[in-house]
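Encoded as C-alpha cells, the structure appears first; notes follow it.
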Amino acid sequence: TLECGQIVWGLAFSAWPAAGAGETDPACAVGLPCLILATGLNDGQIKVWEVQTGHLLFSLLGHQDVVRDLSFAPNGSLILVSASRDKTLRVWDLSRDGRQVQVLSGHVQWVYCCSISPDCSMLCSVAGEKSALLWSMRSYTLIRRLEGHQSSVVSCDFSPDSALLVTASYDACVIMWDPYTGEQLRTLRHVPLHSALDYSSEVHTSSLRSVCFSPEGLYLATVADDRLLRIWALELRSPVAFAPMTNGLCCMYFPHGGFIATGTRDGHVQFWTAPRVLSSLKHLCRKALRTFLTTYQVLALPIPRKLKEFLTYRTF
C-alpha cells in the first residue's frame, strides 16, 4: 500500500529505463529497469513512485485543482500527460527532472480523463461534457469531437493497437469507437448485478468512473458507483468477472497483464488479480497490422470485405 496522503484520483504505470554504469538513479539498480506509478492527488499534486520499493521519485506541481487522470506516452519517452479539474491538460517530461513542457487549454469543464494512443499519434480527453475530444499529439490540434453519450463522459482509453477507443459516462454506458472514423462500434450497458436492489434513486448507482483496456486488448475493466469492479471480454456484451470494491474512482491494468490497480476515495491503491488469456493467432495478426495501419489504410487494401471487417473490429 502506498500512502499518498491525499485522495487518489488517477493512476498510470510506466517502465523506467535501466540506469547505466555511470548514471545515478535513485529509483533503479544499475542495469535493471523498474516499474513506476504516477498518482494524481486531490490537492493538484502528482506523485510518482517506484513500485517495488515504494520510493517517491517526483512531486509534480502546477495544477490548481484535483488531478483526475494521468497517461504516460507508451513509447517509453517518460512523457506524462495529466488531466485536472482546473480545466487544463499538462505535459511533463520525467526524463528532464519532471519539467512541465506544455499546458493544453480549451476545455470549459473539469477534465476527467486523458489517454494517449499506443502509437503516440492521438490524445483523447473528456471533461464532464457529453462528448469526447480527440487531439493530435504532434500538433495538439483538435482532430474530431465524439458525440453519442447522454451524460458527462468521465473516462477513456485506447486499445493496445490504437484501433479502438472506449469512453465511459455517467449514463452507465461504455461506447467503443473507431478513433479514425468517429464511428460507434458497440455499447456496453451497466446493469445492476442483483435485480432486487433498488436503483431508482436520483443518483444512478451504476454511474461509471473509469474504463481501461487490458494489455493484449481482449478485456476491458470498469469501475462504477454500484461498488463493483467489472471485467468485460471484448467480444461479449456482458461482464465475465466481478469484484466487490467500495469508493472506487479509477482503474489501470498492470502493463504485463494479470493484475489491475484501483484508486479509492479513502487514499489507497489496491491491486487485484485479473483473468489471463492466450490471444488467438487471428487477434495477434490483427493487432500487429493495426499497430501501423489506420482504418482508412485497411479499407484501401485489396483484400476480401470480411477480412477488412475483422481488421477494423466490425465483426464482434
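Note: Cβ is positioned from N, Cα and C throughout, glycine not excepted.
Marked as domain 'SOCS box' by TrEMBL: 280-316. TrEMBL lists 37-59, 60-95, 104-145, 146-187, 201-235 with the feature repeat 'WD'. Look at TrEMBL and you will find 1-22 tagged as signal peptide.
Sequence-distant neighbours of the repeat 'WD' (201-235) (same chain, 6+ residues past either end, Cβ-Cβ under 8 Å): 113, 154-161, 164, 166-170, 172-174, 188, 190-193, 241-246, 248-257, 260, 262, 272, 274-275, 277, 279, 283, 287, 316.
Here the signal peptide (1-22) has Cβ contacts under 8 Å with residues 28-43, 45, 47, 49-51, 54, 66-72, 76, 78, 80, 82-83, 249-252, 254-255, 261, 263-269 of the same chain, all six or more residues outside its ends.
The repeat 'WD' (146-187): residue composition by secondary structure is 0 helix, 24 strand, 18 coil, according to DSSP.
In the predicted model, the repeat 'WD' (60-95) has a mean pLDDT of 92.
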